[in-house]
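What follows is a set of notes on a single structure, which appears directly below.
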């Protein structure tokens, strides 16, 4: 059974906004300390396929969504206006991420490539070729100078962002690489795989290319990884658990149990004291990282949207909406992804409440 937690319904009726999305407005940060508050919710529904990934720009002004239809979409977060719909990949787009400096974003695809894009001009700068199968994950280093990618060929590849050249091939995983994240110090890269292992790669100058340590404890695919600002590492797995590690000592600090389906996405609160997680059960959970207790659960409910401005009664065809969540000052923001696979989470740098919906 689900871990018993408070379920917060989206009580404010949806209001029709510009064509293609539906928003529901509610109080921001209205919950008591340590509790979730349901706030403003936006739905973006112009995709022609399921949404596989989403990412906020560092200033919070733009949102990327990567779709199964082979396009990456750029949105203005406040108005919900579609800024661009960019093609070029020859397959579904699996993952997207902004660079920390906000000037670039990267997309990965089933066509075995990574594309680097210029944000200001919305154009492709480099096509990175080196993988032999679908590329499932990509991460920028904190200084935006390097890029790490991984995929079904079991390879982890480091790239130079400015030139698009391959820097290193990191070999060690025994199965598909599904997740990645750089440590805040840039000294290490964490990657997760279908082999149930997490590799921590030492990227300091002068260390061997293959130098890495493994964190073992999961019994399923490592579907998501996330570093906290203090350097702790959270891992979510298809074994339905989340682990929080201290990578420098390889110690498992806490194990979070309560999901009844595969864990798909995780995000730390800005101060690292709480963690939000989502799985395939349309449940978003928030955990106390110190005690390992589930503090809140929000159940995803079906929403009735409108595809044209002025429509108020006819429900949209299909699609699941995820209510936005906020931690009171500061807050963590969750972004939903594929309607068929449960919500996806990403951190909004301004700590506002936003959600993505694919129709």
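Including glycine, each Cβ sits where the backbone N, Cα and C put it.
Feature annotation from TrEMBL assigns compositional bias 'Polar residues' to 1-10. The feature region 'Disordered' is assigned by TrEMBL to 1-22. Summarising the annotation, TrEMBL assigns repeat 'WD' to 44-85, 86-127, 128-169, 170-211, 215-255, 256-297.
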Outside the repeat 'WD' (128-169), at least 6 residues beyond either end, the same-chain residues with a Cβ under 8 Å of its Cβ set are 91, 94-101, 103-104, 106-116, 175-182, 184-186, 189, 191, 193, 199, 201, 203, 209
The repeat 'WD' (170-211) resolves under DSSP into 0 helix, 18 strand, 24 coil
Across the repeat 'WD' (44-85), DSSP yields 0 helix, 21 strand, 21 coil
Please compute the mean pLDDT of the model over the repeat 'WD' (44-85).
86
Count the residues of the repeat 'WD' (215-255) that DSSP assigns to helix (H, G, I), to strand (E, B) and to coil, and report the three numbers in that order.
0 helix, 23 strand, 18 coil
